[in-house]
Amino acid sequence: MEKSNNSTLFILLGFSQNKNIEVLCFVLFLFCYIAIWMGNLLIMISITCTQLIHQPMYFFLNYLSLSDLCYTSTVTPKLMVDLLAERKTISYNNCMIQLFTTHFFGGIEIFILTGMAYDRYVAICKPLHYTIIMSRQKCNTIIIVCCTGGFIHSASQFLLTIFVPFCGPNEIDHYFCDVYPLLKLACSNIHMIGLLVIANSGLIALVTFVVLLLSYVFILYTIRAYSAERRSKALATCSSHVIVVVLFFAPALFIYIRPVTTFSEDKVFALFYTIIAPMFNPLIYTLRNTEMKNAMRKVWCCQILLKRNQLF
């Protein structure tokens with residue numbers, strides 16, 4: 001059967017039709033977007049300009065911050081523009097591009113979080129072999145695998161959606177183009193496609209989440225034999241990552257591990273992994289991390305001293 005696509009334009013319904021609420025949301029999301037850029041750039045500069053870049057934990061954190069910036073930038077700018085626009089429209093081509101990029105960078109983020117959990121597992125459960133196992137070559141390989149996994153995931157979502165005909169209503173009950181809200185507009189039987197989407201998005205999120213949980217079960221089992229001081233240090237290192245994982249995975253699992261259907265709450269849950277998690281990640285990873293705080297002080301104190309020397 002040939003694809004018959006009469007929809008060349010989609011209308012994004014967003015959060016509200018009330019103009020006052022939209023202006024308030026614009027100010028809020030503008031603040032969030034600026035905070036995301038400032039926080040994640042601060043993390044990246046502090047890591048790359050110090051010796052922390054040579055430690056696997058911070059090597060992955062650097063790439064997590066980069067993926068956060070890319071991921072939120074596929075959604076937030078368009079969302080802010082729509083909040084001030086009279087008609088919240090997006091062309092079919094741009095919708096497909098947004099679908100691909102959000103799942104590409106979202107997939108990368110999921111796999112990097114899994115890689116970071118593996119790094120913590122090796123550091124705590126196999127400390128004597130840590131430097132050998134987590135070599136720079138191994139870290140680079142993990143990042144390449146994360147990017148490849150993200151591409152395969154997003155390409156699958158893209159291919160499953162691009163051949164679906166859209167010839168009926170063109171209103172997407174969301175603030176960006178995602179698979180489930182789009183499939184709701186399809187004018188053909190999408191039962192099999194829905195199962196494939198669940199197998200792709202749902203299972204990836206579920207399997208990686210289970211792997212993350214298992215890694216921390218092994219970590220908790222291992223640190224039982226540690227002294228109180230070592231146990232406290234190990235838990236402090238892992239707690240930041242656990243908070244980020246829950247913040248990102250819990251809403252993603254709620255949305256993607258169910259049959260093809262949408263709820264009005266999906267838009268709120270999607271905010272957690274598209275805007276809230278990228279905004280809080282820098283704060284979560286630096287709040288209880290002495291090394292990260294010291295690196296920031298070192299970088300920015302050097303910058304202040306350089307500026308003073310230039311003035312005098």
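Any Cβ shown, glycine's included, is placed from N, Cα and C.
Positions annotated as topological domain 'Extracellular' by Swiss-Prot: 1-23 (among others).
As annotated by Swiss-Prot, N-linked glycosylation site applies to Asn5 (among others).
Swiss-Prot lists Asn6 (among others) with the feature N-linked glycosylation site, giving sequence analysis as the kind of evidence.
According to Swiss-Prot, the transmembrane segment annotation covers 24-47 (among others). Long-range contacts of the transmembrane segment (24-47) within the same chain, counting only residues at least 6 positions beyond its ends with a Cβ under 8 Å from a Cβ of the stretch, are 15-16, 53, 58-59, 61-62, 65-66, 68-69, 72, 76-77, 79-80, 83-84, 275-276, 278-279, 281-283, 285-286, 292, 295-296, 298-299.
For the topological domain 'Cytoplasmic' (48-55), the predicted model reports an average pLDDT of 88. Per Swiss-Prot, the feature topological domain 'Cytoplasmic' maps to 48-55 (among others); the stated evidence is sequence analysis.
Positions annotated as transmembrane segment by Swiss-Prot, on the basis of sequence analysis: 56-77 (among others).
Within its own chain, the topological domain 'Extracellular' (78-98) has Cβ neighbours under 8 Å at 5, 7-14, 22-23, 25-26, 29-30, 33, 158, 161-162, 166, 172, 175-177, 182, counting only residues six or more beyond its boundaries. For 78-98 (among others), the entry in Swiss-Prot reads topological domain 'Extracellular', with the evidence type sequence analysis.
The disulfide bond feature in Swiss-Prot is assigned to Cys95-Cys187; the stated evidence is sequence analysis. Non-local contacts of Cys95 (disulfide bond) by the CB criterion (under 8 A, 6+ apart in sequence, same chain) comprise Phe10, Ile172, Cys177, Leu182.
Annotation source Swiss-Prot lists transmembrane segment at 99-118 (among others), citing sequence analysis.
If you look up Swiss-Prot, you'll see 119-137 (among others) marked as topological domain 'Cytoplasmic', on the strength of sequence analysis. Here the topological domain 'Cytoplasmic' (119-137) is broken down by DSSP into helix, strand and coil counts: 16 helix, 0 strand, 3 coil.
Residues 56, 59-60, 63, 99-112, 115, 118, 196, 200-201, 204 of the same chain, all 6+ positions outside the transmembrane segment (138-156), place their C-beta atoms under 8 angstroms from a C-beta of that stretch. Sequence annotations record features per position, and here Swiss-Prot assigns transmembrane segment to 138-156 (among others).
Beyond the ends of the topological domain 'Extracellular' (157-193), by six or more residues, the same chain brings 1, 3-7, 9-15, 74-75, 78-79, 82, 90, 92, 95-96, 98-100, 102-103, 200-201, 255-256, 260-262, 264, 266-267, 270, 274 to within a C-beta distance below 8 angstroms of the stretch. As annotated by Swiss-Prot, topological domain 'Extracellular' applies to 157-193 (among others).
Summarising the annotation, Swiss-Prot assigns transmembrane segment to 194-217 (among others).
Per Swiss-Prot, the feature topological domain 'Cytoplasmic' maps to 218-233 (among others); the stated evidence is sequence analysis. Within the chain, the topological domain 'Cytoplasmic' (218-233) has long-range Cβ neighbours (under 8 A, six or more residues past its boundaries) at 120-121, 124-125.
Taken from Swiss-Prot, the feature transmembrane segment applies to 234-256 (among others).
Residues or ranges marked as topological domain 'Extracellular' by Swiss-Prot on the basis of sequence analysis: 257-267 (among others). Proximity of distant same-chain residues to the topological domain 'Extracellular' (257-267), defined by a Cβ-Cβ separation under 8 Å and at least 6 residues beyond the stretch ends, is recorded for 15, 173-175, 180-181, 183-184, 190, 193-194, 197-198, 201-203, 205-206.
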Close in space but at least six residues away in sequence, with Cβ under 8 Å from that of Cys187 (disulfide bond), the same-chain residues are Pro165, Phe166, Cys167, Gly168
Between the transmembrane segment (268-287) and the transmembrane segment (56-77), are there three or more C-beta pairs closer than 8 Å, counting only pairs 6 or more apart along the chain? yes
Quickly jot the same-chain residues contacting the transmembrane segment (56-77) by Cβ under 8 Å, restricted to those at least six beyond its ends, or write none. 29, 32-33, 36-37, 40-41, 43-44, 47-48, 98, 101-102, 105-106, 108-109, 112-113, 115-116, 119-120, 123, 134, 136, 139, 142-143, 146, 175-176, 237, 274-275, 277-279, 281-282, 285, 291-292
